[in-house]
Amino acid sequence: MSTNNSDIRVVVGMSGGVDSSVTAHILKEQGYDVIGIFMKNWDDTDEFGVCTATEDYDDVIRVANQIGIPYYAVNFEKEYWDKVFTYFLDEYKLGRTPNPDVMCNKEIKFKAFLEHAESLGADYVATGHYAQVKKVGDEIELLRGVDNNKDQTYFLNQLSQDQLKKVMFPLGGMEKTEVREIAKKAGLATANKKDSTGICFIGERNFKQFLSEYLPAQPGEMRTLNGEVLGKHDGLMYYTIGQRHGLGIGGDGEPWFVVGKDLKENVLFVEQGFHHETLYSDSLIATDISFTTNAEKPKTIECTAKFRYRQTDTKVTVHLREDGTAEVVFADPVRAITPGQAVVFYDGDICLGGGTIDTVWKNGAKLDYVG
């Protein structure tokens, strides 16, 4: 055990899953002064009256006791509601498709949680994210995780230098299979626990049903771009650009896809064919632009970008504008760019930062994806 690490306090965000369990285990093995914190972000009771957060916290307790670290539960429900859930609902009201994971990392895990950890004397916080940080000169670079399938830099694109200087990602250099193996060898209680998927506050519940509890659904017409009425939609908030499932349009030929929303008229526009021309665009305007380093940026950046999680990178040219927005021009047309989602910039394995997709363009004209 390294002696110098024992003077360094690391507070680990523990969710009750295998990734954060192994994160805490590794840091403890490396001799750090480790504290486990369970973040309670949502008052979550399933249909049987069981609070799933309680089950997860029980797993945190089991693992913390196994590896011999102190643990606490901290309630961030108010911060989460104000900063993440309110944003989530507001975006749906605007007809967009939000990314709560990006906002949660920016406002909760690496802000509210980081501040709480510092009040406990933390030198660093650590999470089970599949990403890497590397010190280069005076700055910290955010790098993709080694496991391509699990890399989570897309969701971390809004982190600043001040945040990155305080984080550790022990799993960033590992494949998921290795993480499971470490958990099994260490006999951790969460070694065989299945990964959680989807949006944390929805859990296993039906998305439509969940959203309708907070936003009133307004059914309306489903039309082609030529105005032919094909049926009814359940509420514009339930649909996203490029969506195929749940439209309820039968018949012969190719499947139908969502190609736009008219909020004023409450109309959902659909067209036939995966490669319908309306689904393709050549540029976008992004807001909330944030970079992971403080270095001076040129007005034009040649790099690659992701427009959704686990998507293959696309070559782009980013033009930073005076108003703080950015025009992102694609080397090749891209399908189903979705307003409200994150656009994230990369230079090789370095995550440069990103922003929020606001409008989508083709041949110099704005597409009416959300109008």
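The backbone N, Cα and C atoms fix where each Cβ goes, glycine too.
Here Swiss-Prot flags Cys104 as active site, nucleophile, drawing on sequence analysis. When secondary structure is read from DSSP and collapsed to three states, Cys104 (active site, nucleophile) falls in the helix class.
Summarising the annotation, Swiss-Prot assigns active site, cysteine persulfide intermediate to Cys200. Sequence-distant neighbours of Cys200 (active site, cysteine persulfide intermediate) (same chain, 6+ apart, CB under 8 A from its CB) are Asn41, Trp42, Pro100, Cys104.
As annotated by Swiss-Prot, ATP binding site applies to Gly13, Met14, Ser15, Gly16, Gly17, Val18, Asp19, Ser20, Met39, Gly128. For Gly13 (ATP binding site), the count of additional Cβ atoms within 10 Å of its Cβ stands at 23 [all protein chains shown].
Marked as disulfide bond by Swiss-Prot: Cys104-Cys200.
In the structure as shown, the Cβ atom of His129 (site 'Interaction with tRNA') sits within 10 Å of 26 other Cβ atoms. According to Swiss-Prot, the site 'Interaction with tRNA' annotation covers His129 (among others).
Classification of Gln341 (site 'Interaction with tRNA') by DSSP places it in coil, neither helical nor stranded. Within the same chain, residues at least six positions away from Gln341 (site 'Interaction with tRNA') with a Cβ under 8 Å of its Cβ are Thr97, Pro98, Asn99, Phe307, Arg308, Thr356, Ile357. Annotation comment: Swiss-Prot describes Gln341 (among others) as site 'Interaction with tRNA', evidence class sequence analysis.
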Give me the count of other Cβ atoms within 10 A of the Cβ belonging to Cys104 (active site, nucleophile). 27
